[in-house]
Amino acid sequence: VDRTFLRSPRGSLKISRTLVALAALICFMASGSHEAYAALAGMETGITLLFLLLYLLRLDAQIRCFYWPLADVLNSVIAALFLLVVSLFAIVIKTNKGTLAGGVLGLVLLVLCLVDVILLCKKISLDKARGRSAPAK
């Protein structure tokens, strides 16, 4: 278990994303709003939790067939796009206060996804060769 990941900015961000997505899921489910809202919040909770466990248990270093930071960036970008649409619909429709609260939490989650993309893009360098100690001549 990588305890330093939990205290890192990326680890704190993953935990925050998971908790905000779970809160949005609870708001959408408690308000009886459209199932698509709850489905998106639930999927975001699950996927973010899986990425958190992946980095926490250092499985990204053991499963080398996949470039995990790039998959994490793609997940965050796609989640941000879906969250933008669904959260704006939830806020505009606002059938009740639970749907409105879930929509606002979805927009907060959207911002957290964008911050995660920025942190991950700083980590990823496509120009740098992975696993080489000397540049090619």
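Glycine too: its Cβ is placed from the backbone N, Cα and C atoms.
No curator has checked TrEMBL annotations; they are predicted automatically.
As recorded in TrEMBL, the features of this protein are as follows:
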type	residues	note
DOMAIN	5-125	domain 'MARVEL'
TRANSMEM	12-31	transmembrane segment
TRANSMEM	37-57	transmembrane segment
TRANSMEM	69-93	transmembrane segment
TRANSMEM	99-121	transmembrane segment
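Over the domain 'MARVEL' (5-125), the average per-residue pLDDT in this prediction is 93. Highest Cβ contact count with the transmembrane segment (69-93) among the listed stretches 12-31, 37-57, 99-121 falls to 99-121 (criterion: pairs under 8 Å). Among residues of the same chain six or more beyond the transmembrane segment (37-57), those with a C-beta under 8 A of the stretch's C-beta atoms are 1-2, 5-6, 10-11, 14-15, 17-18, 21-22, 24-25, 28-29, 68, 72, 75, 79, 82-83, 86, 89-90, 99, 102-103, 106, 109. Tertiary neighbourhood of the transmembrane segment (12-31): same-chain residues 6, 37-38, 41-42, 44-45, 48-49, 51-52, 55, 90, 95-99, 101-102, 105-106, 108-109, 112-113, 115-116, 119, selected by CB-CB distance under 8 Å and a gap of 6+ residues from either end. Summarised by DSSP class, the composition of the domain 'MARVEL' (5-125) is 105 helix, 0 strand, 16 coil.
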